[in-house]
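**Q** Can you keep this structure in mind? I'll have questions shortly.
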Amino acid sequence: MELVAGCYEQVLFGFTVHPKPEACGDHEQWTPAADFTHHAHTASLSAVAVNSRFVVTGSKDETIHIYDMKKKIEHGALVHHSGTITCLKFYGNRHLVSGAEDGLICIWDAKKWECLKSIKAHKGHVTFLSIHPSGKLALSVGTDKTLRTWNLIEGRSAFIKNIKQNAHIVEWSPRGEQYVVIMQNKIDIYQLDTASISGTITNEKRISAVKFLSESVLAVAGDEEVIRFFDCDSLVCLCEFKAHENRVKAMFSFEIPEHHVIVTASSDGFIKMWKLKQNKKVCPSLLCEVNTNARLTCLGVWLDTVPDTKASLPPAAEPSPVSKEQSKIGKKEPGNTVHKEEKQSKPNTKKCGLTDDSQKATQESSLVSTKKRKRVEVLEKKREKKKIKAMQ
């Protein structure tokens with residue numbers, strides 16, 4: 001596995017970690033080894049996302065950079081946005097969703113790296129987005145004090161809810177039965193079936209990151225050294241532990257055989273991996289830590305576990321909206337590339353669903369048109385018969 005973290009100093013760090021399944025007990029230690037440092041962006045990094053093959057990073061320089069982790073090369077850059085990239089989310093290996101301060105949410109084909117759909121999502125900045133586990137819905141929050149639900153199959157807004165403050169984080173639970181909306185130090189818990197708040201949790205300081213550890217247990221980090229685990233049903237704090245010497249900026253969690261791991265990154269420069277206990281009232285134990293000597297901002301973990309069955313990926317030199325020149329320059333030229341993207345995305349603007357439901361919708365529409373044709377033919381035959389009778 002590979003820990004990847006971005007920082008204010010414009011660098012992406014990579015550290016290889018080899019789990020030790022034979023080790024056990026609270027004194028288990030893993031050893032991270034420095035793999036790479038990459039200085040591709042011209043401003044601080046603001047977001048990172050991973051799938052089974054790629055790592056993508058977003059920055060204040062308004063670009064998204066792509067890294068092929070299998071080949072360990074830079075794959076190019078996406079330059080559709082005209083503001084700081086605030087959030088990046090993969091859905092499976094086929095789609096990437098990005099949000100930025102330009103108010104846009106873009107859906108990308110993560111094989112051809114084409115922009116399939118560009119949605120003007122918020123009147124202000126898009127501050128965060130989260131994709132439902134089914135891939136059919138997404139939630140976004142922005143500086144226009146709205147929480148918006150998106151139908152990803154149709155690529156359109158499904159519901160808009162006005163909220164009292166600007167929210168800066170929204171997150172679905174693992175099964176997608178509930179979601180949380182974060183405003184400053186307050187967590188509102190919503191139930192999907194009612195779309196109403198079922199409870200509110202208040203943290204001591206402003207919240208910087210949250211991660212669902214199960215359907216009902218939420219890990220919360222903020223502008224402090226402590227991480228807390230909350231029960232979303234009872235709203236009580238299950239446990240808290242000091243994770244860093246400075247504020248925690250990002251968290252990531254994953255499961256591998258015999259291990260449920262949470263990874264944390266802090267402004268103190270450290271990335272730490274913690275082994276979670278089955279009983280979330282018991283504080284996790286430290287597996288390993290590494291000091292980057294940088295002010296970390298975002299975090300991801302690339303797990304080289306899912307085989308990539310399709311070998312027909314676009315070559316690194318010529319994915320259509322990506323160019324080597326743009327990735328070297330790091331700044332967007334306002335004309336050509338975006339114009340090309342828009343041309344390429346036209347055939348796909350009607351349907352951009354992240355599931356096979358878009359195909360179903362197309363099939364259904366073709367069935368409807370066939371029925372209409374048959375009705376028209378029947379009516380025409382009736383009219384012809386009436387004309388013949390009238391002539392007789």
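Heads up, the Cβ atoms here are built off N, Cα and C, so glycines get one too.
Under the heading compositional bias 'Basic and acidic residues', TrEMBL lists 325-345. Among the features that TrEMBL reports, compositional bias 'Polar residues' is placed at 360-369. The feature compositional bias 'Basic residues' is assigned by TrEMBL to 383-392. Marked as region 'Disordered' by TrEMBL: 312-392. Positions annotated as repeat 'WD' by TrEMBL: 38-70, 78-118, 119-160, 257-284.
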**Q** Are there 3 or more C-beta pairs under 8 Å linking the repeat 'WD' (257-284) with the repeat 'WD' (78-118), counting only pairs at least 6 apart in sequence?
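**A** No; fewer than 3 Cβ pairs under 8 Å.
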**Q** Could you tell me the mean pLDDT over the repeat 'WD' (119-160), as a whole number?
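**A** Within the repeat 'WD' (119-160), the model's average pLDDT equals 92.
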**Q** Report, as numbers and ranges, which residues of the same chain sit near the repeat 'WD' (257-284): CB under 8 Å and 6 or more residues beyond its ends.
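**A** Residues 3, 5, 13, 15, 17, 19, 21, 28, 30, 32, 211, 213-214, 217, 219, 221, 225, 227, 229, 231, 238-241, 243-251, 290-299, 301.
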**Q** Tell me the residue counts in helix, strand and coil for the repeat 'WD' (119-160), as DSSP assigns them.
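**A** Per DSSP, the residues of the repeat 'WD' (119-160) fall into 0 helix, 25 strand, 17 coil.
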**Q** Provide the three-state DSSP residue tally for the repeat 'WD' (38-70): helix first, then strand, then coil.
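**A** Across the repeat 'WD' (38-70), DSSP assigns the residues as follows: 0 helix, 18 strand, 15 coil.
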